Amino acid sequence: MTAETNDAQAPAAVRCFGAGDALYERYHDEEWGIPVHGDAALLERIVLEGAQSGLSWLTILRKREGYREVFESFEPAAVATFTETDVERLMDDARIVRNRRKIESAIVNARATVALAEAGTSLDTLFWSFAPEPRDVAPGSWADVPASTPESIALAKALKKAGFVFVGPTTMYAAMQACGLVDDHIAGCVAAQR
């Protein structure tokens, strides 16, 4: 048997989500559930999870490079200086979701991130302080994956207290999944329990 024949007969990789779209598959395989650290990287994930509210995650993935460009690679100090003029400019920019509240939340959250640093801590420290104990067994199906947890509820509360917005418990659980605080890859997924 030739290598070509073997490849043709090899079963397709099983993914718990993202199959069928190359960008989504790459996100699933290379990012989702892998630990993310650093204030800019975490701010990006929080902003993107908030932007996704009411939309598909694939829509946000397709706009992510645009977000990185218009929001200065999510450097908190840079985004914190944005003004109403910047908001108006961003409202006309098709590279991102043009929703005023979501745009303003990115700026508010950057300012809150800067305030944490000025207080002697970091978004990274705050965010990761809510990481639960790792699961012993991968979820059997999406029915076994919660929409929120006591940790995501507590994280949302702590972030709101620190001045963040668009950070409800469900959104924060999605961020916890995306940033590797929890590993919710379904049993049998190519990325489960890596």
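Backbone N, Cα and C define each Cβ position, glycine as well.
Straight from TrEMBL, the features:
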BINDING   C16, H28, H185, C189  Zn(2+) binding site
- Task: Identify, in sequence order, the residues in the chain of C189 (Zn(2+) binding site) that are 6 or more apart from it along the sequence and have a CB within less than 8 Å of its CB; answer 'none' if there are none.
- Result: V14, R15, C16, A138
- Item | Reduced DSSP assignment, H28 (Zn(2+) binding site) | helix
- CB neighbours within 10 A of H28 (Zn(2+) binding site), counting all protein chains shown, number 21
- Message: An 8 Å radius from the center of the C16, H28, H185, C189 Cβ atoms defines the neighbourhood of the Zn(2+) site; name the other residues of that chain inside it, in order.
- Response: R15, F17, G18, W32, G33, I186, V190, A191, A192
- Task: In three-state terms from DSSP, label C189 (Zn(2+) binding site) for me.
- Result: coil
